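Participant: Swiss-Prot feature annotations, pasted as is:
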type     : residues : note
TRANSMEM : 1-21     : transmembrane segment
TRANSMEM : 55-75    : transmembrane segment
TRANSMEM : 78-98    : transmembrane segment
TRANSMEM : 110-130  : transmembrane segment
TRANSMEM : 131-151  : transmembrane segment
Amino acid sequence: MPIIYYVIFAILYYLPALVANGSAPFVKNGTPIDFRKNFVDGRRLLGDGKTFEGLLVAVTFGTTVGIILAKFLGIYWIYVSFIESLLAMLGDMVGAFIKRRLGLARGARAIGLDQLDFILGATLALIISKISLNIYEFLSIVVIAFVLHILTNNVAYRLKIKSVPW
């Protein structure tokens, strides 16, 4: 099968997670999910960048994508997109937790982790939902997510949506 098919299927499978991950940063000054609590190391659990409002917006936008995809892929995709969006954001929170443990401040660059934490959460959701992926689709989305992360963050920085270009 030509590589373009793997790329197309990867984008379709991961579109709810991509949209969810891209929409959360638009929420400013929400209620932190960690309620500003510290871990045993004295550092914040997640930080101010992970909010209930951002989570709600992300899951709502990701699920909305699933409603649209359901017209083409079947009603099951509404469920898949909800779980995928939720677990993508959970993956993003795990990434934030790891960054805090490493002593990295909010917005600090962590190449690889910044681009792939939400993809791993979304992949878990697809597996739970019994959506079969092959290695080519997974590798395609890893490359796509990495490139999109760099491009969209640079655009968001130039538009003053983000304070750093990564």
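Any Cβ shown, glycine's included, is placed from N, Cα and C.
Computed from a predicted structure; not experimentally measured.
For each listed feature, how buried is it and what is near it?
Facilitator: Through the fold, the transmembrane segment (1-21) approaches residues 58-59, 61-66, 69, 73, 80-81, 84-85, 88-89, 92, 118-119, 121-122, 125-126, 131, 133-134, 136-138, 140-141, 144-145, 148 of its own chain, all at least 6 residues removed from its boundaries and within a Cβ separation under 8 Å.
Tertiary proximity for the transmembrane segment (55-75) is limited to same-chain residues at least six positions away from its ends with a CB under 8 Å from its CB atoms, namely 12, 15-17, 19-21, 23-24, 26-27, 33, 81-82, 84-86, 88-89.
A Cβ distance under 8 Å defines the sequence-distant neighbours of the transmembrane segment (78-98), meaning residues of its chain 6+ beyond its ends; these are 14, 16-17, 19-21, 24, 33, 45-47, 49-50, 55, 58-59, 61-63, 65-67, 69-70, 106, 110, 113-114, 117-122, 124-126, 128-129, 131.
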